Amino acid sequence: MVEFSHVHSVTEMPEGDDAKCSFQNRMFLEPQEKKRSMKTLVVKQAKKSCSCTPAKVKDYVFSFFPVLQWLPKYKLREYLLGDIMSGVIVGVLLVPQSIAYSLLAGQEPIYGLYTSFFAGIIYFIFGTSRHISVGIFGVLCLMVGQVVDRELQRAGYDLEPDALSVLADTAAYVNTTISPVNRTSQKLLCDKSCYAITVGATMTFIAGVYQVAMGFFQVGFVSVYLSDSLLSGFVTGASFTILTSQAKYLLGLDIPRSSGIGSVIATWINIFRNIHKTNICDLITSFLCFLVLIPTKELNEHFKSRLKAPIPVELFVIVAATLASHFGKLRETYGSSIAGHIPTGFLPPSPPDWNLIPNVALDAIPIAIIGFAITVSLSEMFAKKHGYSVKANQEMYAIGFCNIIPSFFHCFTTSAALAKTLVKESTGCRTQMSGMLSSLVILLVLLVIAPLFYSLQKCVLAVITIVNLRGALRKFKDLPKMWYLSRVDTAIWIVTMASSALISTEIGLLVGVCFSMLCVIFRTQRPEAPLLGWVAESETYESLSAYKNLQTKPGIVVFRFEAPLYYINKECFKSTLYKQTGVNPVWVKTAKKKAAKRMLREKQVDSGGNETSISMDSVSEPLGFHTIVIDCCAVQFLDTAGICTLKEVCRDYREIDVQVLLAQCNPSVRSSLIRGEFFKEGEDHLLFHSVHQAVDFALGSQGHSWTSASK
């Protein structure tokens, strides 16, 4: 049995005149034996992973394709009605949003419908969440659109007019993946919209590969660094960029889309420079759409508990606006910008442009991380709410394949979306079958209805996009409550929001992650470190600065350091300990030496030069305490610098006759202390399992020393 001879949890002092320090009733901890070496563990894991049995193959297939698990158990009578209702309603809502968000991603409306269609089907097969709605998400569309605009400018498409004559309708059907080297031949093969979806699909493919790789290597922990406050601030900041990018459509302005650092400010400058060119027809249409959409959306939210399904006001607005534009001939009369021809059916599949991968590989990283972080967090949130479990790694596979496979069918990046997920849940969704039914609704539009939206004004799509930002922009109302709950989280939210809006979305996300990590470091660098007092008639010690009516034991100081002790905060630990106890042992020792030298000189003068020895103790003043108990319950770990700091503190205080005791160390800290040779033969460093036991030991040992001295 391995004994920790220095680990005492109980030290009882016998009563009587001959009080002696008793070390009976010690508590010894025997560590678990670690028989397995790292090599053995690796070999065992490899054998487990590489073994192949029929049962294991079956489990793997069923876990990789969750539809094989839940579909055979589908209860038609119990689930079908709710799934049909939610699927149809979400599908109806997806049609206008898919068309509107295509504009945000720099794509033609048909590609948004393709994206929503394929995402629903693929998540039906691979997804484990019953409630989330996977499809177009505004923030990701914005990020895709920024990259698409950049690549279009690099290829020279910014020199083309927005609408091409005959080639615009025919070039989209041409399967071309060549990079734009020869500008003349490029025009004949691939127009601006064709190249835009090529860029979007290539980046979507790379983002999907990243997400599948993260699932394969089980690196879902990356999402831990994206806190709720960071994601909320990022989405709100990106919402400002989305609003800015859509403002030109509200006014009917034909200005280039700004990209890069400071794009929001540059866009607003361009808007105000061209404000005199505002299309009055588009402005009036936008105003009327706002008047209809905003009140109806608010009524939907206010009466959502009473309504069996939300009113699909967006669809009504699109239908009414399309009819008004068609019969009023708004394009011909007033020059309004319209959606244009939306073809029916599907384009032939084509692979991504491999030559574009080096250009977009870096841009796909934040898109992949944001996509899977939002998807996994929403999946876990609704699974917990409804009492079932989801697999985070399988969700990464699902969202990865929702990007990889559709990228061959002219689609762009998708993820889960909170607004549509809430609608899906509130309308009775029971399983993933609801997503399949939503895809069937979009399929109907793709095969039959899509060309009818030819005359739809782009300003109407912009209004729909902006109105759907209400939830993100309302986060400003929560700031006072957030500030009250956590000022650090509020600072993270503000910094991420401001940097995402004013600099760029990608840099804003990076700034938010770095700032949140710095906040964690700063909080451990300058942690709380109070003195503790005793709660009467108990064995509990609490902060003297936080609670009243606490008692202190004479001659004993109890100190708690509420953070890991490592190289960043080691100086803070020492300085705070010295400040709280009021005694810096180095200064005391130095003062003693100076006082001893001064007294020695005075003695030598008085005795005529005869040598006289003076004890250090004879010149010292009483410190007010003889023991410091360090409560280590909040110290999660120690590094080498932390161990050295504890050694230094114990040594310095021992030299001025103050003992230091450690209490409530967790197994990791104890192990670090033992490996760091904190305990040496002949030294009285003691570990206690509670502060109360350490205080009792200090009182008993001091009483014993006083008794011995009097004898």
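Each position is counted from 1, following the chain as shown.
Just so it is clear, glycine is given a Cβ too, placed from its N, Cα and C backbone atoms.
What TrEMBL records for this protein:
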type     : residues : note
TRANSMEM : 79-104   : transmembrane segment
TRANSMEM : 110-126  : transmembrane segment
TRANSMEM : 193-213  : transmembrane segment
TRANSMEM : 219-243  : transmembrane segment
TRANSMEM : 275-295  : transmembrane segment
TRANSMEM : 356-376  : transmembrane segment
TRANSMEM : 397-419  : transmembrane segment
TRANSMEM : 439-469  : transmembrane segment
TRANSMEM : 490-518  : transmembrane segment
DOMAIN   : 546-698  : domain 'STAS'
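Among the recorded stretches 219-243, 356-376, 397-419, 439-469, the one sharing the largest number of Cβ pairs closer than 8 Å with the transmembrane segment (193-213) is 397-419. Taking every listed stretch (110-126, 275-295, 356-376, 439-469) in turn, the largest tally of C-beta pairs under 8 A with the transmembrane segment (397-419) is reached by 110-126.
Listed by sequence, the residues of this chain that lie at least six past the ends of the transmembrane segment (439-469) yet keep a Cβ under 8 A from its Cβ atoms are 87-88, 91-92, 94-101, 103-104, 109-110, 113-114, 116-121, 124, 138, 239, 242-243, 246-247, 249-250, 252, 282-283, 285-286, 289-290, 293-294, 297, 314, 317-318, 321-322, 325-326, 330-331, 336-346, 419.
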